[in-house]
Structures are given as C-alpha cells and as structure tokens.
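Chemist: Pasting the relevant annotations from TrEMBL:
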- 10-186: domain 'Poly(A) polymerase nucleotidyltransferase' (DOMAIN)
- Asp84, Asp86, Asp139: Mg(2+) 2 binding site (BINDING)
- Asp84, Ile85, Asp86, Asp139, Lys200, Tyr209, Gly218, Val219: ATP binding site (BINDING)
- Asp84, Asp86: Mg(2+) 1 binding site (BINDING)
- 192-324: domain 'Poly(A) polymerase central' (DOMAIN)
Amino acid sequence: MSEKLEDEPSISLRQLMANEGIIPSLEDREKRRVVIDRLRMIVVRWVKTVAWKRRLPQHQIDATNATIIAYGSYGLGVYGSESDIDALLIGPFFASMAEDFFIGLRDMLITRREVSEVHCVKDAKVPLIRFKFDGILVDLPYAQLRVLSVPHNVDVLNPFFLRDIDETSWKSLSGVRANKFILQLVPSLELFQSLLRCVKLWAKRRGVYGNLNGFLGGVHMAVLAAFVCGYERNATLSSLLANFFNTFAHWQWPIPVMLLDDTYPATGSPPGLMPIQLPCGPHQFCNSNITRSTFYKIMAEFLRGHNVTKDYLNPNFSWKNLFEPYPYANTYTWFTKIHLSAANQEDLSNWVGWVKSRFRCLLLKIEEVYGFCDPNPTEYVETYAKQPNIVFYWGLQLRTINVSDIESVETNFLKNLNSGSFQGPVGRIHLSVVKASQLPRNSDCASDNRSKKVTRTCWRIRIREDKQQCKNVPVYSKHLPGYVVGYEKIHHREDEGTEV
Ligand SMILES: Nc1ncnc2c1ncn2[C@@H]1O[C@H](COP(=O)(O)OP(=O)(O)OP(=O)(O)O)[C@@H](O)[C@H]1O
Ligand SMILES: [Mg+2]
Ligand SMILES: [Mg+2]
C-alpha cells in the first residue's frame, strides 16, 4: 500500500473489495505457490528424461534444465479464487512440442495423483496442455529456446534467449513478456493491482467480462488499468478508478490503447472495434471477439461507470452502486436460451468448452437476425433436468419475436459446430427464445452475476481420456528411428450416437 495517508473514498473502496472476499486467502496463495513449485519439479524431471531418451551425453543431461514462469492474472498478482494459473513451460532446444511436450509430458502428468482432466489444446494460437492440479485449473503452454539449459530466472526480454526461436514459441512467450512490461511500467504495483481487481469485479458484475462472449478478457482489463496508472503519478485508488471510467467513456475508438510507443509505421489499421495493444512488441494487439452489440454494451457500461464515479469526492458517495449486478431481467423482454447437455459431466465440460469457443459466430448470427444481443456470460444449471446441462440466457432488444428466426440461427450454428475439429463425444444443443418471466426463478439473473463459472473453454478438445471408446495408437519418434514416444488415444466417432 502507498505510504501516504489514503483518502476516505479509497479506504471505503478497499473495505468494499475486502468484504467481497475476492482477495485470495493466505491458504489459497500457498496452495497456488505449491502447484507452481511442484510443476517446476515435474518439468525438470521431464527434461532430464527427454535428454536421456535423446541419448545426450551424461554431462549434458546433468546440465540441462527447464522452467515454469507464471503469467496471466496469477503472474500479475491479481487472481481470484476462480482464476486459473497460467504457467509457461520454457524448455531447451531438444525437447519438441509435438513429441516431448504433448505426448511425453502429458503422459507424465496423467500418472500423477494430483492431476485430473488433462486436455491437449493443440491447434490454438497458443497451444497448451490444460489440466487441474489439486483442483486448480492450469493452462500450460510451451516455448522452446535454442539453449541446452533454461535457467530458473530466465529473462524473457534478453535477446540471447530469443534468437532463432520458432513462431509458436514466440507467441507463447508474448503473455509473459506483456506481463513483464506492464509490471515495469506501472509507478505503483500495489495501486495497479488494486485498480485491476476493482475493474475486474466491476466488469464481472456488469456482464462485460470474458473474451469468449465478446467482452473484455483479463488481458484487456490489465492493459486498460496499466494505461490509467501510467500517466497519473500522485494517484489514489479512488482517483484511478474514477479516471479509468472517465478515460474510456470518452475514448475515441478505434484509436488503439497503447502502452508502448509504436515508432514503426504500422501495416494497416489496428484490428477490431476496440483495439488494445498487447505490450510485448510493436504492432501486436490483444485478440478480441468484440462485436457491434458487445461494443455498445461495453461503452454503455463505461459511461455508466463514469456517471457513477465522477462525484466520488462527494461526502454522500457510495461505491456500492458501481458494482450493482446488471439487471438483465429488467432490461430485456426476450432472451435467447442456449441449452447444452451431454451424457455425463466430463462430456458436458468438453462439449460446452467447444461450443463456447464458437460463441462469437453464434453472437454474429443472432445479431444478423435480431439486430442486438447481450451475451450474458453467466452459466445456469437446470437441476431438474435428466442430463447434466449448462444454460445461457442472452438478452435481446425486441418487441415481438418470430420463432422461425431462432430455428434458422440454430441450423446455421450447428453447421459451424460440426465443421470444426472437435473430437470428443458430441452433446446436445437447443436454442429457443424465452420471455424475461421464464428466466430461472431461484437465480434472478441480476444476483446470479456473482455465480462462479462452471466450465472453462478449450478451443479444441483433443480426446476424452476414456477407456472404452478410445484406442491407443503408438506414436513413433521423429528423432530416434523405431522409438515409440508414447501412445495417443484415438476416439471412435462412429460409436458416439451424435445428437446434434
Ligand atoms: N485475447 C487475448 N489476446 C492476447 N493474449 C491473450 C488473450 N487471452 C489470453 N491471453 C494471454 O493469456 C494470459 C492468460 O489469460 P486468461 O484468459 O487466463 O486471463 P487472466 O488475465 O489470467 O484472467 P483470469 O483471472 O480470468 O484467468 C493473458 O495474460 C495473456 O497473456
Ligand atoms: Mg488466467
Ligand atoms: Mg488462462
């Protein structure tokens, strides 16, 4: 905390944040630290095994090393209890992504008692292994450097380590480098972290958090918060939060928000409706799924935030109003109901992950037909239904409804879902339009903004780690003739009983 005495609005804001219980407990912190430590031990063992398999001389096996660097909200020190741990594995020149990471390390992970729900997400922009370690979700991408040994404190900004690296490793490193840059830029780390916690809570409550639903993700919020911190030197937490809304309620999009001076002429204009620079090199931008509708909603919420906070020095001011859950049921008369179900919880989690990775396409189709859609990220469960399920309710601005419109959206979206590389058992999806009065009663949309996310997304779910419907196929090494690296499970699609 800053040394000077804080102003009253900042004290009450900190009190509100503490009451919300979003600052992780010491126990939670310790648990996450242990996960990172254990992962570091696992990857050192892994890299020595790979070196031995590659028949490197003993002194090189002794010398080689790999390490783990935390990034994302965990690396910035702003994670909440529902955040994942984003951990980049950095390995040496001989440990390949295809064989050693996706097969060798995956095999090592699945044998461990603490590890569950292992998925290889191979064809994402940043390929990664996603799993739970002691119940905490971990995103583990891989970057390979042209060195024999990666020191534990490897400097990812040092050109020595970055020479000749492949494009995927470069992309995988970008999150770590962006975090490092943000942490170097902000004048007060504590104020930045507190501000970012506040704006993430605000975004979640107001239904504008989550890249997959077309809103702002953690990385976007981090850059916007750092931007505000960067130019106000004698700031307090309350002045920063008010300034955050003042700045972005009046921002002239699509002028990009940039933390770095891009001195080189950019090729073309920055991407998307709300371009936000990824501060890890020139002309790199955060990926964004923002559409016309979500742009409108985010802007309306920035403006509301500004109107609420501009009087923060007024003695009667209260922060509570800023964090009021978004009143979906009072705002929209009609909702698109997206009902997803599968035979069991594991299949459901895979299926929902796949569908969520295609949400932007669904949102665009609904916008085409109905003009505007507010894709509330809250996940509901119909507890009375027979099959495990997740339900979403997306707000529509309509007076009357034409039922056949939603049928055409569903048909179109099914084509999109079926055209991808999803390899797990396909679940059910049903779209319908319901009235506000048909929203789940016990969880009024507004209060349910607080609810935890039930699933996380995989862009591509490789396979279920399942016995009956999977067949083990040996994978031969490209490096050692005739050497079996491990076994990949191939799923039989014909057995699935496709229901879409
Ligand atoms: N849309 C994106 N564009 C660029 N980089 C991204 C994007 N989404 C994620 N990343 C990278 O992955 C990291 C982790 O992303 P993640 O979605 O886990 O968000 P987070 O900031 O950790 O917030 P949360 O607490 O919700 O997990 C980000 O810090 C960023 O480096
Ligand atoms: Mg994260
Ligand atoms: Mg993540």
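Every residue, even glycine, has its Cβ placed from backbone N, Cα and C.
All TrEMBL annotations are machine predictions without curation.
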Chemist: Which has the fewest other Cβ atoms within 10 Å: Asp84, Asp86, Asp139, the binding-site residues listed?
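Modeler: Output over binding-site residues Asp84, Asp86, Asp139: least Cβ neighbours within 10 Å is Asp84.
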Chemist: Over all shown protein chains, what is the count of other CB atoms within 10 A of the CB belonging to Val219 (ATP binding site)?
Modeler: 24
Chemist: Tell me, what is the mean pLDDT of the domain 'Poly(A) polymerase central' (192-324)?
Modeler: 93
Chemist: Please go through the binding-site residues Ile85, Tyr209, Gly218 one by one and keep those whose C-beta falls under 6 A from any atom of ligand 1; give the result in sequence order.
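Modeler: The binding-site residues passing the 6 Å Cβ test are Gly218.
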Chemist: Filter the binding-site residues Asp86, Lys200, Val219 down to those with CB closer than 6 A to an atom of ligand 3; keep them in sequence order.
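Modeler: Near ligand 3, sequence order: Asp86.
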Chemist: What Cα-Cα separation, expressed in whole Å, is found between Gly218 (ATP binding site) and Asp86 (Mg(2+) 2 binding site)?
Modeler: 12
Chemist: Can you count the other CB atoms that lie within 10 A of the CB of Tyr209 (ATP binding site)?
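Modeler: If we count other Cβ atoms within 10 Å of Tyr209 (ATP binding site), we arrive at 22.
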Chemist: Between the Cα atoms of Val219 (ATP binding site) and Asp84 (Mg(2+) 2 binding site), find the distance and write it as a whole number of Å.
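Modeler: That separation, Cα to Cα, works out to 13 Å.
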